[in-house]
Amino acid sequence: MGKKIRLTTAQALIKFLNQQYIHVDGEETPFVEGIFTIFGHGNVVGIGQALEQDAGHLKVFQGKNEQGMAHAAMAYSKQMLRRKIYAVSTSVGPGAANLVAAAGTALANNIPVLLIPADTFATRQPDPVLQQVEQEYSAAITTNDALKPVSRYWDRITRPEQLMSSLIRAFEVMTDPAKAGPATICISQDVEGEAYDFDESFFEKRVHYVDRKEPSERELKGAAELIKSSKKPLILVGGGAKYSGARDELIAMSEAYNIPLVETQAGKSTVEADFANNLGGMGITGTLAANKAARGADLIIGIGTRYTDFATSSKTAFDFDNAKFLNINVSRMQAYKLDAFQVVADAKVTLGKLHGLLEGYKSEFGSTIKELKDEWLAERDRLSKVTFKRENFTPEIKDHFSQDILNEYADVLQTELPQTTALLAINETVDPDSVVICSAGSLPGDLQRLWHSNVPNTYHLEYGYSCMGYEVSGTLGLKLAHPDREVYSLVGDGSFLMLHSELITAIQYNKKINVLLFDNSGFGCINNLQMDHGNGSYYCEFRTADNQILNVDYAKVAEGYGAKTYKANTIEELKAALEDAKKQDVSTLIEMKVLPKTMTDGYDSWWHVGVAEVSEQESVQKAYKAKEKMLESAKQY
């Protein structure tokens, strides 16, 4: 069967990756941009040898933590709208285990990444090898089995010829908009170096065509009838709308029929914040404008959204007794949610075709959209001017910390900077085409409510898995996607401590990133959650054994890595640092000490969490009763 070429399994892998292309809207580009790797005994003499011999066009980066470099790869793919990827190669055992959190993050967000962890010996001759786990009930179990639940596709290669069918399946999954997610191919470390006579045809240029799925006539007719029969429809813009590139169609439909837009975290910056009908974030971390509009809507048009609990306020955000749902999604599974009328098709194409079927229609929102937006902009302006006072200060998160405790934080951290004031000063100062990234803590809520992105695809939030540590690592991925733009990681001290290894990688390869570190000396978001539900402040503040607030010099840590660092505890210092950071060629870190409880609170929203049904604390008993009361009005499924 044709000409053969003798290669090791690892050499065949690298040769194949170099020949993968993607074709979207008439544009054909290489799909695999490069590979992140940390070499260990499981991959250094296999994949390492193959890369050293001939990496082709693949860019190779040495990561510092397997989870971190996989986050960077995911962020790159997400920012490139899933049209390019990086592969990730790790050694066996702990290196592979470190991929689990990153794989879960990519899976929850439907982002394609190729994970290539090494595996134990296929021959089992030297078993148990270094970093191999042993189970009494099966010799076939390895650490890599932990990646099965968090991979869209998973395979183990124990013979060289298995690689061919496995790679074809993996790339089919990664290039399918409906199924996109992490593909994991585990390669036994002895098999990496084993040679085989591969068919040369396997290494020919392979183009993966991503054609836009068209809606059927039935779907279009049903969707148009639903919209025309509604009085107050609302468009919920999800990540699928961004990946589809549906900005123009969303604006056209919203303007023509006076339909307000609200956004999920993944959908934010699909349409600019200053578009008149864009009411901002929806749900638990949403704006008052969006949540008010949602309560009055009689039709929710979900465009590429998964309807997470944060978007639906745990299924209390809408008038479920009367409102109907129209879901436009390439994923049939997602389209089925909330008893919706389903259009399983591409968002951009569907909206374009729907636009022509709604002639003469106008919603009854009238001037309400403008009124809601103006009301919210006034609140946003107020939050930009919050000033701390040492007496009678009421923070946004009320009734948690006394004035004495807030003053203690101000004294120890030597700051009076409120978080919302700092965030909005940053939004005002950075260049409009800069890209910001965040993932966990209180900052995603502040960002979804307050951040104005007026250039499309400049807001990058990982809020499907909300994985602490994604922020700094992901910023490296942003820089690889946008080498000529400033990229900013907005990160709390909790997430920074969890993982920031790829800051060193960014410095090492001269890929400038900017880390904006908000330090309130604790896990502030979860501290709010525990206290909101009747508990005390328990092990969420960063305090010493003798109850003293920790004051860590994060700027000195980053300086030791080689970053240009700044300390900014006033708005004047912050703006000056931001302007100076723009002039730098090296990665920067701006450390801001911010006061706890000065992040935004929720607006007309509710989050269902597991409150203790039995407690000696009256406050917890009260919180449980309140939760049960809210569930009476929540949709059950």
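Just so it is clear, glycine is given a Cβ too, placed from its N, Cα and C backbone atoms.
Copied over from Swiss-Prot, here are the features:
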type	residues	note
BINDING	Glu66	thiamine diphosphate binding site
BINDING	Asp493, Asn520	Mg(2+) binding site
REGION	442-522	region 'Thiamine pyrophosphate binding'
Fill in the blank from the handout: Cα of Glu66 (thiamine diphosphate binding site) to Cα of Asp493 (Mg(2+) binding site), in Å and rounded, measures 21
Practice task
Determine, from DSSP, whether Asn520 (Mg(2+) binding site) sits in helix, strand or coil.
Solution key: coil
Practice task
Would you find the one among the binding-site residues Glu66, Asp493 whose Cβ has the most company, meaning other Cβ atoms within 10 Å?
Solution key: Glu66
Fill in the blank from the handout: Simplified to three states, DSSP reports Asp493 (Mg(2+) binding site) as helix
Practice task
Could you tell me the mean pLDDT over the region 'Thiamine pyrophosphate binding' (442-522), as a whole number?
Solution key: 98
